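Enquirer: Feature table excerpt (TrEMBL):
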- 178-190: compositional bias 'Basic and acidic residues' (COMPBIAS)
- 43-170: domain 'CcmH/CycL/Ccl2/NrfF N-terminal' (DOMAIN)
- 172-198: region 'Disordered' (REGION)
- 138-159: transmembrane segment (TRANSMEM)
Amino acid sequence: MNLFPWRVTLRRSAPCARTPFAARSRKTHRAQGALLRALLIVLVLAFAASATAQAIDPLPFKDHAQELRFQHLTAQLRCMVCQNETLADSNASLARDMRHEVFRLMQQGKTDVQIKQYLVDRYSDFVLYDPPVQPSTWLLWFGPLLILLAGAAVVAVNVRKRSRANARAAMESAGAADDGRADIGPDHTGPDNIGDDW
């Protein structure tokens with residue numbers, strides 16, 4: 001009596017997996033997998049293209065000169081979210097809002113200096129991509145240089161300490177070698193006077 005009839009069924013069905021029908025179904029599964037991968041790639045590329053298309057927000061400029069002025073002005077302003085991109089290059093929602101604010105101020109007849117001052121009053125000097133050199137922005141201008149100099153000083157101190165330690169160790173080992181030679185003395189039976197003691 002068989003207590004586990006499913007084992008027999010599994011064993012009997014195993015040779016059936018080698019039939020031509022099973023081989024055809026494997027080929028079909030491979031083809032379907034390749035088709036799904038291709039479809040997934042197409043969907044990802046389509047999504048990426050639509051995302052970049054939505055990032056561009058067209059503004060109703062009066063003429064080409066106004067558009068060039070807008071592009072020049074937004075290239076001089078920093079995105080407050082990205083912090084390393086200009087307002088013209090950033091796709092952040094705050095950057096989009098700031099671009100609309102710049103456009104609104106341009107429509108009101110404000111000059112570039114007035115628009116920059118408005119944004120500086122609202123966001124501080126950090127909004128300017130090249131902030132002016134003044135006491136409140138010294139850290140922005142000279143901070144990287146100070147960090148570089150501090151790093152160079154640390155490296156110089158470490159190199160000097162190591163060279164002094166290496167020189168001291170070399171002198172100590174040379175001194176120990178000299179002390180060892182002095183202890184041997186002139187009565188040493190070396191290769192020159194091998195036959196003297198015999």
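Backbone N, Cα and C define each Cβ position, glycine as well.
Nobody curates TrEMBL annotations by hand; they come from automatic prediction.
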Enquirer: For the domain 'CcmH/CycL/Ccl2/NrfF N-terminal' (43-170), report the average pLDDT of the model, please.
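Expert: For the domain 'CcmH/CycL/Ccl2/NrfF N-terminal' (43-170), the model's average pLDDT rounds to 86.
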Enquirer: Mind tallying the domain 'CcmH/CycL/Ccl2/NrfF N-terminal' (43-170) by DSSP state, helix then strand then coil?
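Expert: Residue counts for the domain 'CcmH/CycL/Ccl2/NrfF N-terminal' (43-170) by secondary structure: 91 helix, 4 strand, 33 coil.
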